[in-house]
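Student: Let me begin by handing over the structure; questions about it come next.
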Amino acid sequence: MTRQNENYNRYLLSDWRPENPAFWENKGKGIARRNLWISVSCLLLAFCVWMLFSAVAVNLNKIGFNFTTDQLFLLTALPSLSGAILRVPYSFMVPLFGGRKWTVLSTVILIIPCAWLGFAVQNPATPFGVFMLIALLCGFAGANFASSMGNISFFFPKARQGSALGINGGLGNLGVSVMQLIAPLVIFLPIFTFLGVQGVPQPDGSLLALTNAAWIWVPLLAVATLAAWFGMNDIGSSKASVASQLPVLKRLHLWLLSLLYLATFGSFIGFSAGFAMLAKTQFPDVNILQLAFFGPFIGALARSAGGVISDKFGGVRVTLINFIFMALFTALLFLTLPGSGAGSFSAFYLVFMGLFLTAGLGSGSTFQMIAVIFRQITLYNVKLRGGSDEQAQREAVTDTAAALGFISAIGAVGGFFIPKAFGTSLALTGSPVGAMKIFLLFYLACVLLTWLVYGRRKPKQQ
């Protein structure tokens with residue numbers, strides 16, 4: 001055996017049987033946990049990059065740019081659009097190339113939009129089209145979620161998948177609040193003056209260096225890339241062709257569960273992208289950047305809790321109750337907005353925190369539903385055609401990972417639709433109410449869908 005093969009095999013797990021209790025306790029658990037925590041670190045940074053424009057767009061006009069409100073909302077929405085599209089091919093990558101190698105590549109390329117954005121904001125003559133392109137490149141970070149969640153699903157047994165996926169997705173989602181907490185702080189610090197970065201004077205006498213919000217992530221991404229290269233593993237049994245993963249698209253439940261995930265995760269990422277801009281338009285006297293991080297923080301932690309709670313009480317039950325509360329909070333939001341009166345920022349903020357909480361919790365519970373339902377369907381279908389238990393388990397793992405990737409792609413569309421809907425509604429009517437009415441109707445439809453398809457009986461094996 002060559003030295004190169006020996007080095008490669010250090011990271012390749014050719015024998016991986018997480019459903020075997022003895023194997024799991026003696027060997028599998030430690031390996032799975034190590035891969036999980038490195039994955040969480042990489043995904044957290046990816047979410048920081050993905051939602052970078054939610055903090056940058058609010059400040060662009062303060063440093064010499066002159067973009068309209070609708071243009072700024074568009075910049076916050078575009079990363080979610082490209083991220084959603086890219087999640088489809090990204091969902092194939094782990095079975096094709098291996099989780100370790102793909103995590104390394106997908107993390108290191110995020111340095112490109114961060115570095116470019118840092119240069120772009122230093123020149124007020126930078127065209128809007130350049131910012132649109134950088135925003136679309138930030139979408140590569142959002143696509144990481146599909147491959148990351150699919151990869152982690154290979155490492156854990158069925159009984160622990162809800163918790164593992166909740167931790168990976170929830171703490172990964174925490175990157176949104178980490179970015180929205182750190183960015184408003186670092187843009188007023190002389191971090192990169194040694195590289196010639198100069199802040200733009202503000203009315204209060206401070207210097208705003210928006211470059212810092214982008215460049216601060218570059219060294220962290222480099223460290224995460226090295227951690228993935230030296231600390232993660234590829235699973236030999238996870239290898240699968242694109243053709244072998246496509247049949248999941250024919251299953252009705254993939255599309256039904258996609259709608260539920262669009263309503264939960266799509267809301268979380270959409271509100272994360274657009275909340276600061278929305279609050280600024282409705283309550284311009286409030287410095288929202290000091291408070292914006294708390295909503296994504298609540299939602300990210302709630303996602304982790306959603307997976308754990310669903311493992312205990314059932315994903316369907318948790319998801320159903322959660323959608324009822326999402327509809328309730330959306331209805332209450334109408335009462336907080338400026339209309340004939342000034343509105344109430346305190347009430348607006350508290351109700352929106354409730355929306356972040358339920359969107360995050362529902363993201364975890366719907367992902368648990370997806371993992372459980374697709375595993376059940378695949379096991380049933382393989383055994384129905386006379387396949388062995390080993391074959392059934394192997395196909396169940398591959399199909400579940402493919403389904404998680406496809407559904408996460410559709411869910412990410414909410415990150416584009418929600419801020420764009422707010423921007424369009426404000427441009428047409430001067431109010432976000434029109435967009436909120438659509439959200440309310442969608443949540444109510446999801447209550448009915450969850451109850452009628454999954455709440456009254458087990459899903460049909462199709």
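Here the Cβ of each residue, glycine as well, is placed from N, Cα and C on the backbone.
In case it's useful when we look at the structure, here is the feature table from Swiss-Prot:
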- 1-35: topological domain 'Cytoplasmic' (TOPO_DOM)
- 36-56: transmembrane segment (TRANSMEM)
- 57-71: topological domain 'Periplasmic' (TOPO_DOM)
- 72-92: transmembrane segment (TRANSMEM)
- 93-101: topological domain 'Cytoplasmic' (TOPO_DOM)
- 102-122: transmembrane segment (TRANSMEM)
- 125-145: transmembrane segment (TRANSMEM)
- 146-180: topological domain 'Cytoplasmic' (TOPO_DOM)
- 181-201: transmembrane segment (TRANSMEM)
- 202-206: topological domain 'Periplasmic' (TOPO_DOM)
- 207-227: transmembrane segment (TRANSMEM)
- 228-258: topological domain 'Cytoplasmic' (TOPO_DOM)
- 259-279: transmembrane segment (TRANSMEM)
- 280-287: topological domain 'Periplasmic' (TOPO_DOM)
- 288-308: transmembrane segment (TRANSMEM)
- 309-317: topological domain 'Cytoplasmic' (TOPO_DOM)
- 318-338: transmembrane segment (TRANSMEM)
- 342-362: transmembrane segment (TRANSMEM)
- 363-401: topological domain 'Cytoplasmic' (TOPO_DOM)
- 402-422: transmembrane segment (TRANSMEM)
- 423-432: topological domain 'Periplasmic' (TOPO_DOM)
- 433-453: transmembrane segment (TRANSMEM)
- 454-462: topological domain 'Cytoplasmic' (TOPO_DOM)
Student: Between the transmembrane segment (102-122) and the transmembrane segment (288-308), are there three or more C-beta pairs closer than 8 Å, counting only pairs 6 or more apart along the chain?
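Tutor: When sequence-distant Cβ pairs are counted, the transmembrane segment (288-308) does not touch the transmembrane segment (102-122), since fewer than 3 lie under 8 Å.
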Student: Which residues, given as numbers and ranges, are at least 6 beyond the ends of the transmembrane segment (181-201) yet have a Cβ under 8 Å from it?
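Tutor: 52, 55-56, 59, 62-64, 118, 122, 207-213, 215-216, 289-290, 293, 297.
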Student: The transmembrane segment (318-338) vs the transmembrane segment (433-453): three or more C-beta pairs under 8 Å (separation of 6 or more)?
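Tutor: The transmembrane segment (433-453) and the transmembrane segment (318-338): touching, yes.
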Student: Mind checking which residues reach the topological domain 'Periplasmic' (280-287)? Cβ under 8 Å, same chain, six or more beyond either end.
Tutor: 58, 69, 337-338, 343, 345, 348, 426, 432
Student: Out of 72-92, 125-145, 207-227, 342-362, 433-453, which stretch touches the transmembrane segment (259-279) the most, going by CB pairs under 8 Å?
Tutor: 342-362
Student: May I ask for the residues of the chain that lie six or more residues beyond the transmembrane segment (72-92) and have a Cβ under 8 Å from a Cβ within it?
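Tutor: Distant Cβ neighbours of the transmembrane segment (72-92) are 50-54, 56-58, 60-61, 106, 131-132, 135-147, 150, 242, 245, 269-270, 273-274, 277, 401-402, 404-406, 408-420, 422-423, 426.
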Student: Please report, as numbers and ranges, the same-chain residues at least 6 past the borders of the topological domain 'Periplasmic' (202-206) whose CB is under 8 Å from any CB of it.
Tutor: 62, 188
Student: Do you know the mean pLDDT across the topological domain 'Periplasmic' (202-206)?
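Tutor: Average per-residue pLDDT within the topological domain 'Periplasmic' (202-206): 89.
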